[in-house]
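S.K.: Questions regarding the structure given below will be posed in turn.
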Amino acid sequence: MAALLAAAPAFAAGAAPPHQAWSFAGPTGHYDPATLQHGFRIYADVCAGCHSLNELHFENLAGIGLSAADIRRIAATHTIPDGTDAAGQPKTRSARPDDAIPDPFPSPAAAAQALGGVPPDLSHITMTHRGGPDWIAAFLTGFVPPPPGVTVPPGRFYNRFLRTGVTAMPPVVASADDARAVTTFLQWSADPHLNARHRLGYAGLAYFAFLAALASALKRRIWKQPRR
């Protein structure tokens, strides 16, 4: 990523994200399990340290093709609050598949103190952010040197797809492919039932096509002119 930044030309802030072709777009759209799993690994490795996925439970990861054993292993790497002990002290336990994926910070105040702001939850970010998946992927790859005359404060970074141009988030993905993979995973997080919905739609269309063909055949049989 550092090499990409060094080689990139300067751009003005607020650029419109380029339209991209997504596997999940359109009436025949679908999610590719390999891409979803790649995207989840990127989220877990580089995004989860700051951003939450409050709407997801570990067991939901079966929807991206992970096995029950994989899900148990991933959950066990996290700890979650588990009430208090006999002395009234907070205690924790290893997460289980039916637990929600825990926030990286115990509270918004703790996140603000550590990062200077509260990072947004990513559960529905591709649905709620103007520009959707195109903007998310563009933002992740939009870190470039600031244009001449633009000063970026220490600890901040210039991104050409932000209206203000400046963000506290550093570059976190190494390639456009990684950006597309994690964006696809976040789209699945926002709309996890797309594959099932489209399969049901195809089945419904096939059923109605069969009924239409049957009705047409019956009509021809009933209204067939008798031979003289």
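Yeah, the Cβs are placed from backbone N, Cα and C, and that goes for glycine too.
Under the heading domain 'Cytochrome c', TrEMBL lists 34-190. What TrEMBL lists as heme c binding site is C47, C50, H51, M169. According to TrEMBL, the feature transmembrane segment maps to 200-218.
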S.K.: Which whole number is the mean pLDDT over the domain 'Cytochrome c' (34-190)?
M.R.: 95
S.K.: Taking the Cβ of M169 (heme c binding site) as centre, how many other Cβ atoms lie within 10 Å?
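M.R.: There are 18 of them.
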S.K.: Among the binding-site residues listed here (C47, C50), identify the one with the smallest other-Cβ count within 10 Å.
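M.R.: Minimum Cβ neighbour count within 10 Å, taken over the binding-site residues C47, C50, occurs at C50.
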S.K.: Validating a neighbour-count step here. Other CB atoms within 10 A of the CB of H51 (heme c binding site): how many?
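M.R.: The answer is 20.
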